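Peer 1: Here it is, the structure, as structure tokens.
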Amino acid sequence: MGDEARSEVPLAVLQDRPASTATSPAPPPADPGSETGQQQKEVAQIQNPASAAAASTTTAPTMGECSTEYRGLPDGAAPASLRKVSIVPLVFLIFYEVSGGPFGIEDSVGAAGPLLAIAGFLVLPIIWSIPEALITAELGTMFPENGGYVVWVSAALGPYWGFQQGWMKWLSGVIDNALYPVLFLDYLKSAVPALGGGPPRAFAVLGLTAVLTLLNYRGLTVVGWVAICLGVFSVLPFFVMGLISLPKLRPARWLVVDLHNVDWNLYLNTLFWNLNYWDSISTLSGEVDNPGKTLPKALLYAVIFVVVGYLYPLLAGTGAVPLDRLNWSDGYFADLAKLLGGAWLMWWVQAAAALSNMGMFVAEMSSDSYQLLGMAERGMLPAFFARRSRHGTPLVGILFSASGVLLLSSMSFQEIVAAENFLYCFGMLLEFAAFVLLRVRRPDAPRPYRVPLGTAGCVAMLVPPTALIVVVLALSTLKVALVSLGAVAVGLVLQPLLGIIEKKGWLRFAVNEDLPDIGVGVGHHAPASAADDEPPAP
């Protein structure tokens with residue numbers, strides 16, 4: 001299924017240019033349309049990137065044309081706000097797409113005790129987070145465009161499976177995002193009991209979603225700096241709590257374990273939920289300043305930030321207070337803060353938890369909406385998904401993602417976590433396959449960052465995370481499995497249906513001609529014209 005449409009990245013796009021070209025003498029003028037003229041333009045691009053970039057705004061490159069590096073959208077083809085996200089906002093965007101702080105890790109202690117919880121947040125980053133971050137760094141810099149993992153899978157397995165990847169990852173992200181307004185209100189309902197249910201809660205979810213959606217509409221730079229401010233505010237109370245706990249620490253409490261009383265399903269789902277989604281940042285690669293260098297560094301700093309951000313409060317809480325596993329559930333860090341520092345620290349932790357959910361919401365929505373934009377630029381979704389607002393943001397993608405959040409916000413916490421993990425696992429299996437296949441089929445393709453392992457080493461690196469995926473899927477309940485598989489089945493039918501819609505001319509599809517041709521569209525599309533890129537009226 002999808003084999004007939006399978007296509008590979010043209011060698012002309014991915015082939016390295018010999019280094020000697022950069023120092024060759026300037027050739028005599030030639031006709032720009034001739035083969036010699038084209039070669040001169042490529043040499044000039046190496047010798048003087050600034051002038052070459054200026055020329056690219058007036059002469060559209062041919063799809064599949066030989067290039068010294070990956071060709072993304074030229075600066076003149078989109079609003080000036082694009083490709084402006086620097087490393088610090090990017091680190092915090094990754095932080096919020098993956099973690100947002102230690103809120104929600106309490107269940108790992110309740111399910112398995114301190115020793116297994118601490119060991120889990122030490123071992124799982126090695127088994128899962130680091131391999132996923134490494135794959136994201138290599139493929140995200142190899143294909144620095146907003147399609148992210150959709151383009152990776154499309155280049156390796158063809159457009160059919162690329163679309164399935166996009167569908168499962170987008171749906172998983174929207175399901176995940178539906179959790180954050182609910183959690184935000186759960187932290188506030190103790191102070192405002194009316195938010196516990198009924199019409200007041202429904203209106204609060206709607207209003208909160210609208211405000212956070214507006215932040216995404218205003219631009220990714222705004223979202224990045226909001227993430228920084230919220231991140232600092234969310235982390236500081238745990239730093240203070242750790243300092244206060246130092247005189248009360250009893251290291252022996254960290255070693256408590258009862259293997260006969262472990263809820264393995266809750267334990268693994270809690271660990272997995274708090275340590276995945278490293279690849280989400282790939283759908284923002286087209287918005288990053290110098291992604292070849294910035295993205296790998298940001299991922300490295302974010303991995304350290306996230307792991308320390310989990311272990312530090314976990315060691316403080318389990319070591320300073322006598323263990324009662326029944327108390328270790330969502331929100332228990334606020335109670336610990338009160339025991340260790342008083343009511344003022346409890347209120348700070350609760351405020352940090354509430355605002356952290358806002359940070360995770362805006363980061364996840366950015367990833368989801370830019371993914372839809374990237375898929376539309378590849379002709380995999382109708383062309384209107386590629387429209388940008390006057391702020392350079394994917395307006396249609398934002399509206400679709402917000403609508404999905406509102407539809408799914410009535411699900412319970414446990415159902416949301418289990419369902420998103422199930423869909424996410426399927427998507428990661430496709431990513432692993434794409435990573436290995438691109439190493440085999442295109443070993444010499446330009447990779448600004450390359451995982452320092454050979455193909456056999458990469459396969460070995462993926463064995464433990466693949467085994468973890470199998471375990472997570474096996475532990476899913478029948479209800480979650482059936483609902484998730486039903487969602488997967490929708491994607492299997494939706495891609496051929498979009499092909500029929502395009503063939504009938506009911507909706508327009510277009511591949512952005514400024515992107516390298518890797519043949520990932522739904523069908524045969526006309527190139528996107530300049531008029532298609534004009535943003536709608538605000």
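Keep in mind that glycine also has a Cβ here, set from the backbone N, Cα and C atoms.
Pulled these from TrEMBL:
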COMPBIAS  35-48  compositional bias 'Polar residues'
COMPBIAS  49-62  compositional bias 'Low complexity'
REGION    1-67  region 'Disordered'
TRANSMEM  87-105  transmembrane segment
TRANSMEM  111-130  transmembrane segment
TRANSMEM  142-161  transmembrane segment
TRANSMEM  200-217  transmembrane segment
TRANSMEM  223-244  transmembrane segment
TRANSMEM  299-323  transmembrane segment
TRANSMEM  343-363  transmembrane segment
TRANSMEM  392-409  transmembrane segment
TRANSMEM  421-440  transmembrane segment
TRANSMEM  452-475  transmembrane segment
TRANSMEM  481-501  transmembrane segment
Peer 1: Among 111-130, 142-161, 223-244, 392-409, 421-440, which stretch has the highest count of C-beta pairs below 8 Å with the transmembrane segment (343-363)?
Peer 2: 223-244
Peer 1: Mind checking which residues of the chain, 6+ beyond the ends of the transmembrane segment (223-244), have their Cβ under 8 Å from one of its Cβ atoms?
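Peer 2: The answer is 85, 88-90, 92-93, 95-96, 100-102, 215-216, 309, 312-313, 315-317, 333, 336-337, 340-341, 345, 348-349, 351-353, 355-356, 358-359, 362-363, 366.
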Peer 1: What same-chain residues lie close to the transmembrane segment (87-105): Cβ under 8 Å, and 6 or more beyond its ends?
Peer 2: 117, 121, 129, 183, 221, 223-225, 227-228, 230-231, 234-235, 238, 270, 273-278, 280-281, 284, 288, 294-295, 297-299, 301-302, 305-306, 309-310, 313-314, 330, 333, 352-353, 356-357, 359-360, 362-364, 366-367
Peer 1: Below 8 angstroms Cβ to Cβ, which residues of this chain, lying six or more residues outside the transmembrane segment (111-130), approach it?
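Peer 2: Those are 98, 105, 253-258, 261-264, 266-267, 270-272, 274-276, 278, 303, 306-307, 310-311, 314-315, 318, 323, 325, 464-465, 468, in sequence order.
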Peer 1: Pairs of Cβ atoms less than 8 Å apart decide it: which stretch in 200-217, 299-323, 392-409, 421-440, 452-475 has the most with the transmembrane segment (481-501)?
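Peer 2: Selected stretch: 421-440, with the most Cβ pairs under 8 Å.
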Peer 1: Among the recorded stretches 299-323, 392-409, 421-440, 452-475, which has the greatest number of Cβ pairs closer than 8 Å to the transmembrane segment (200-217)?
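Peer 2: Between the candidates 299-323, 392-409, 421-440, 452-475, the best contact partner of the transmembrane segment (200-217) is 392-409.
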Peer 1: Take the transmembrane segment (452-475) and find every residue of the same chain, 6 or more past its ends, with a Cβ under 8 Å from one of its Cβ atoms.
Peer 2: 124, 127-128, 131-132, 134, 264-265, 268-269, 272, 421-422, 425, 428-429, 432, 435-436, 439-440, 443, 481
